[in-house]
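What TrEMBL annotates here:
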DOMAIN    414-688  domain 'G-protein coupled receptors family 3 profile'
TRANSMEM  413-434  transmembrane segment
TRANSMEM  454-474  transmembrane segment
TRANSMEM  480-499  transmembrane segment
TRANSMEM  578-599  transmembrane segment
TRANSMEM  611-633  transmembrane segment
TRANSMEM  653-675  transmembrane segment
Amino acid sequence: MYFSIYASTAPELSDNTRYDFFSRVVPPDSYQAQAMLDIVTAMGWNYVSTLASEGNYGESGVEAFVQISREMGGVCIAQSLKIPREPRPGEFDKIIRRLLETPNARAIIMFANEDDIRRVLEAAKRSNQTGHFLWVGSDSWGSKISPVIQQERVAEGAITILPKRATVEAFDRYFRSRSLSNNRRNVWFAEFWEENFGCKLGMHGKRPGSLKKCTGLEKVGRDSSYEQEGKVQFVMDAVYAMAHALHRMHRDYCFGYPGLCPRMSNINGKELLGYIRSVNFNGSAGTPVVFNQNGDAPGRYDIFQYQITNKSTAEYKVIGQWANKLHLNVDGMRWRTGDPTLRASVCSMPCQMGERKKIVKGVPCCWHCERCEGYNFQASEFSCELCPYEQRPDRNRTGCIPIPIIKLEWHSAWAAVPVFVAVLGILATSFVVVTFVRYNDTPIVRASGREMSYVLLTGIFLCYAITFLMIATPCLAVCSFRRVFLGLGMCFSYAALLTKTNRIHRIFEQGKKSVAAPRFISPASQLVITFSLISVQLLGVFVWFSVDPPHTVVDYGEQRTSDPEKARGVLKCDISDLSLICSLGYSILLMVTCTVYAIKTRGVPETFNEAKPIGFTMYTTCIIWLAFIPIFFGTAQSAERMYIQTTTLTISLSLSASVSLGMLYMPKVYVIIFHPEQNVPKRKRSFKAIVTAATMSGKLVQKGSDRPNGEVKTELCESMETNSEYFTLVDRI
């Protein structure tokens, strides 16, 4: 048996293993399901529910839609509901309540007969859900009026689909000409006549309740409403398809033979099927009639939307077509009256920039949005990745940007205070040096030990000057000078002080044993000892240069805060805390040793007043550096580490220099400037001091030839006359 069906759209009829002789001129519902999926995708809906009338048409259509959506991806099915063949009272209200359980799935894909469609719309209206649902109806809804009568508002915006078709004018002319007298061959025509004109034909009419009698003169389209059934085209094309197949077979098998030839009287069914499947002609609507290998016609659909115009009249408007590809006029679509915006039918709203999707297990269209935190940026729709170490996420967290690089600025309060202190210190030191140079041959300056004083003042000056190198913009030259001068100022200062305190200690220790002068207490010896101690510092610096050449680095870890917006890279010299301690360690060792000698000489008589200021200087300096260490290393994890440590270090150096300058030289400068009358030799009446000095003079005279300009003799004479004679011997021998 051969079938050429004009209106059966069930997808399973495309199965050649079961229905191998089946062909149809209408597209199967699988095409319709594909078209509906394309519409849903074009609308941006990814979370929908399906609703089907129980039976082959509804269930097969929904199954095809679900299958295609799974294969294509991007659309998830929230619920798949079925309308029973014989619904119980309240069944449609229950369906609406079920659909509302997933309120985000507003789009409803419907494969249902028109009676079920109407009752679903009625139930939605009763539930006051007008405007909530977005209906997408199959060809059973199409452009029919009956499902939406008195449901215009709840059906507004519904998108429906219908196989592409055209009105056959020849059929209209033919059907309008039919009457009871010229159409007796159609046994159902009399029943149609009564139904169409609302009358009764004689005693045996089919409408026993009608009082009006049919005259037989009624005219179709004049005395009743008439609209051509949409499937007329397909009925005609189905007949023509069989006719074309038989015609071609007759031409091939019975060429020139009138009527049925013997060759066609007993043909193989496969042969006729081949001719049917190979037909290709323009149908009654002017569109090609062809079949694929499964006997299906190509999918061609018109897409409608049920719209309410400004005049409050509702009608179906063509908004697109589908022929293996969707062509949709989005601008021509209209939604709820007074609210032209398209409603969404999605499980989850799109994530914001900088957020990744965390998919809900089993529902790929549903997700939670998680912001990429910390130094992570949105690498893809579903993942966050960590920015490179020297970068941070941009404001939208969709990429990475370089972390800003900072340095200690001159105008910063962290720099202004140390610079101010250093400038004052340099001015004060310069003033002391100028004063000492000007009054170089006065007793106070000579008694201070001129050579060692200038060495010590050089160290004090360097301690102040290092502040400018520590604050300057790091570069190769700055980093090199930092290494050289960071510990050099302290080394100059404490090497000179250590030499002086050691000499005082040795002199008094020697004086307890004999009147013989200790060795290496001359000015030249003091300078040699001092510069020998300084050379150790310089040697260590040169070794440091060779092992680890100076260079600049950008430290991104120092100010890598939890908030990337506040993260900064710090431009600095590559000097680690350990290297810094090693550079200062030698100077601190000299300072500690000097302090030890200062303690040992604390018993020196008060008249020998140079030892006590040195002692006070060292005690105060030790306190300064004991305070420096916990502050410096205790802030190692602070975001302000660069500022605190630089300021602490420079202030500590300046304070150390200020203590030395203030305690050792300011009193002398005060006497020189404001009390010059005291800057003269004074007689000392202490016989013990005179005897002690005289006792030592013999030894000193023997070595007088080693001192220039007879300085030893001068000092010896002064020692017999001034209040500081013994101190002069101690300092100048």
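Backbone N, Cα and C atoms are what each Cβ position is placed from, and that goes for glycine too.
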Contact call for the transmembrane segment (480-499) against the transmembrane segment (653-675), three or more Cβ pairs under 8 Å
yes
For the domain 'G-protein coupled receptors family 3 profile' (414-688), what is the mean per-residue pLDDT, to the nearest integer?
82
State the non-local partners of the transmembrane segment (653-675) in its own chain: residues 6+ outside its ends, Cβ under 8 Å from one of its Cβ atoms.
418, 421-422, 425, 428-429, 431-432, 435-436, 439, 442, 444-445, 448, 453, 456-457, 459-461, 463-464, 466-467, 489-490, 493, 497, 613-614, 616-617, 620-621, 624-625
Using a Cβ-Cβ cut-off of under 8 Å, list the residues of the same chain that are 6+ residues beyond the ends of the transmembrane segment (454-474) and lie near it.
407-408, 410, 415, 418-419, 421-422, 425-426, 429-430, 432-433, 436, 481-482, 485-486, 488-497, 527, 530, 552, 571-573, 646, 649-650, 653-654, 656-657, 660-661, 664-665
Near the transmembrane segment (413-434), which same-chain residues lie under 8 Å Cβ to Cβ, leaving out any that are not at least 6 residues past its ends?
454, 457, 460-461, 463-465, 467-468, 470-471, 643-644, 646-647, 650-651, 654-655, 657-658, 661, 665-666, 669
Taking a Cβ cut-off under 8 Å, which residues six or more beyond the ends of the transmembrane segment (578-599) line up next to it in the same chain?
483, 486-487, 490-491, 494-495, 497-498, 501-502, 504-505, 533, 536-537, 540-541, 544, 548, 611, 614-615, 617-619, 621-622, 625, 649
